[in-house]
């Protein structure tokens with residue numbers, strides 16, 4: 001999925017000079033083997049291609065200092081080098097630590113880069129995500145990654161940056177097994193506070209949607225806006241529905257919307273209960289639906305076209321998070337009745353059936369075709 005616009009297209013401006021001699025050389029080897037009862041003949045053809053500008057020289061090459069040309073050449077070669085594992089640069093016994101946090105479970109990520117006691121470097125936060133943070137927390141035996149932040153809240157400065165472009169798949173046992181772009185004098189885009197930090201948690205909820213139940217219950221329904229007025233108050237329809245209401249203040253309620261309805265069954269497969277982020281006294285009362293919202297947005301639903309562009313979206317506000325079904329002999333804890341506590345216990349599921357308001361995506365404006373839900 002990409003949110004790039006035409007104005008963000010990549011481009012270059014080239015200038016003839018000593019760097020134009022840095023060309024890529026590609027060798028292609030093709031082997032053809034002919035088998036016969038009497039002989040075996042192998043023909044090997046080798047084609048070498050040199051890029052344009054291989055022998056180009058600037059008109060006044062003597063005006064360019066040799067050391068400057070060498071430094072620029074080295075920088076270009078470094079930028080063009082493929083990503084390498086961190087342990088290939090600093091060794092497989094490299095260490096990491098967290099510093100500057102309010103507890104041992106949070107802080108900026110530091111990497112041991114030398115033999116001296118103070119040889120610790122920071123990681124550029126560009127591209128830093130939960131994949132990398134998860135590896136850090138697991139390696140330090142601090143549980144799971146709750147947040148992957150790019151900030152100087154936990155201290156540090158850009159002069160101490162030692163690694164950039166760190167990329168992990170998430171399954172690595174150590175950050176040393178992850179890839180990186182550059183080591184040493186790194187270039188870190190963004191603001192001065194772009195430092196990789198993590199917040200770990202020993203226990204965490206893990207909400208997993210039941211995609212089989214979504215496929216089983218998915219269906220289309222055409223419904224007049226007259227029956228969707230409460231849903232409109234919660235912004236559960238596409239923008240065109242509100243434009244219809246604005247353009248036709250007397251007959252808008254007779255217009256029809258096409259809805260993709262489905263049941264959302266969410267299981268907590270983690271190690272801690274999932275609870276609303278705000279306390280009960282701050283829950284918002286919705287008079288139209290006659291219930292409280294413990295979370296303004298509990299789930300997002302998107303429709304993606306073949307180009308990876310989001311063409312429709314929906315969201316579900318949580319008015320009732322409770323233990324509808326539990327496994328492994330788990331006793332239900334959370335019930336919404338009588339203004340009860342809300343949440344999803346470990347090994348329990350919360351179900352929003354397809355007949356509930358806002359349990360849909362408004363696809364009225366989508367052309368017929370193949371999409372990804």
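Any Cβ shown, glycine's included, is placed from N, Cα and C.
As written in TrEMBL, here are the features:
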DOMAIN    96-201  domain 'SRCR'
DISULFID  124-188  disulfide bond
DISULFID  168-178  disulfide bond
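For residue 124 (disulfide bond), the same-chain residues 6+ apart in sequence whose C-beta sits under 8 angstroms from its C-beta are 161, 163, 164, 165, 166, 186, 188, 194, 195, 196.
Annotation for residue 178 (disulfide bond): same-chain Cβ neighbours under 8 Å, separated by at least 6 residues, are 85, 86, 132, 135, 166, 167, 168, 169, 172. The number of other Cβ atoms within 10 Å of the Cβ belonging to residue 188 (disulfide bond), over all protein chains shown, comes to 21.
Using a 10 Å radius centred on the Cβ of residue 168 (disulfide bond) and all shown protein chains, the other Cβ atoms total 22.
Mean pLDDT of the predicted structure over the domain 'SRCR' (96-201): 88.
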